[in-house]
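*Asks:* Below you will find the structure I want to go over with you.
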Amino acid sequence: VDYFNGARLVVETSKDPVYSSNGANVTLPCHYHYEPDMEAKPKIRIKWSKLRDDYTKEQDVLVAIGKTYMAFGDFQGRAHLRQVSRREASLVISNVRLQDDGKYRCEVIDGLEDESDVVDLQLQGIVFPYQPPRGQYRLNFHEAEQVCQEQGAILATFNQLFQAWSEGLDWCNAGWLADGTVQYPIRLPRKPCGGLHLAPGIRSYGPRHRHLHRFDAFCFSSGLRGEVFYLDHPAGMTLEEAKQSCQDAGAEIARVGQLYSAWKFLGLDRCNAGWLADGSVRYPITKPRANCGPAEPGVRSFGFPNKGRFGVFCYKER
């Protein structure tokens with residue numbers, strides 16, 4: 001093969017996923033070299049893009065020539081190049097957000113030569129199914145996006161749902177995913193969930209109409225930058241009293257995504273039911289025991305009681 005400048009440009013990123021969590025800083029490694037070796041031009045152009053799951057471009061992240069660079073969209077003020085070693089083009093993202101999860105292309109352009117490689121950024125998180133107070137199958141796609149955001153989360157991707165299924169998630173109600181498809185994870189095949197004859201796996205309804213069709217949601221939340229703690233009162237509290245108690249403690253009433261994250265990543269275990277911001281009452285169990293629900297770990301739900309007095313789960317930033 002004849003190359004434009006007599007040498008082959010090679011771009012390499014991490015073959016393994018790079019893991020991070022919400023609020024952290026992360027470096028996506030990328031290096032380039034020539035075969036045979038030669039001196040790089042001073043005007044090498046480096047471009048980072050975020051990709052969809054099918055590897056088509058979703059958005060521009062950053063473009064750089066020499067020491068000059070420009071970040072775009074949500075990455076402005078959060079993305080820059082790390083070039084501490086020779087021929088390095090690594091991308092640094094600070095204050096990682098839930099929507100940063102995904103594939104990134106590192107592209108190096110030298111004159112007419114253009115080579116690239118892809119690295120996968122995976123946020124360590126948890127997928128949880130969500131139904132609003134109105135009940136099952138009440139959300140169109142845009143409403144599902146909204147309720148996940150209100151719970152400190154985003155709509156899960158298929159890859160995130162698949163990972164949750166491989167870790168044991170079994171849920172018979174169909175929910176929206178970030179790509180506009182409707183799916184649900186089944187570990188134990190049974191009649192109401194596609195039938196006994198189907199193997200375990202992710203059941204899919206495929207893409208649905210984003211305005212007309214209504215389902216539940218699968219939300220994704222990552223690690224916390226604070227702590228979730230429980231407050232109680234001898235007589236219990238109404239929802240409004242619970243919100244005020246959190247405020248008096250210098251905190252806010254916790255969201256559902258924050259409770260799930262505290263359960264999974266911080267080992268929160270409490271056999272007392274508490275209010276959450278959406279008006280639901282739940283409690284997290286990491287060590288199943290008598291009088292604390294089923295024999296498996298999980299976040300138990302009492303639904304959305306109209307009356308009743310309970311404790312409250314609060315969230316406070318570090």
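Note: Cβ is positioned from N, Cα and C throughout, glycine not excepted.
In TrEMBL, annotation is done automatically, which means it is predicted and not curated.
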*Asks:* Quick one: which of C148, C193 does TrEMBL link to C172 by a disulfide?
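*Replies:* Between C172 and the options C148, C193, TrEMBL records the bond with C193.
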*Asks:* Have a look at TrEMBL and say which candidate in C271, C314 forms the disulphide with C292.
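*Replies:* So the cysteine paired with C292 in TrEMBL is C271.
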*Asks:* Between the Cα atoms of C271 (disulfide bond) and C193 (disulfide bond), what distance do you get, rounded to the nearest Å?
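*Replies:* With distance taken Cα to Cα, C193 (disulfide bond) is 30 Å from C271 (disulfide bond).
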*Asks:* Provide the number of Cβ atoms within 10 Å of the Cβ of C292 (disulfide bond), excluding the reference atom itself.
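*Replies:* C292 (disulfide bond) is surrounded by 15 other Cβ atoms within 10 Å.
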*Asks:* Hey, how far is C193 (disulfide bond) from C292 (disulfide bond), Cα to Cα, in Å?
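*Replies:* Taking the Cα atoms only, C193 (disulfide bond) lies 26 Å from C292 (disulfide bond).
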*Asks:* Would you find the one among the disulfide-bonded residues C172, C193 whose Cβ has the most company, meaning other Cβ atoms within 10 Å?
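*Replies:* Of C172, C193, the one with the most crowded Cβ is C193.
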*Asks:* About how far apart, in whole Å, are the alpha carbons (Cα) of C292 (disulfide bond) and C172 (disulfide bond)?
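*Replies:* Answer for this pair: 22 Å between alpha carbons.
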*Asks:* With DSSP, how much of the domain 'Link' (227-316) is helix, how much strand and how much coil, in residues?
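*Replies:* In the domain 'Link' (227-316), the DSSP-based counts are 20 helix, 26 strand, 44 coil.
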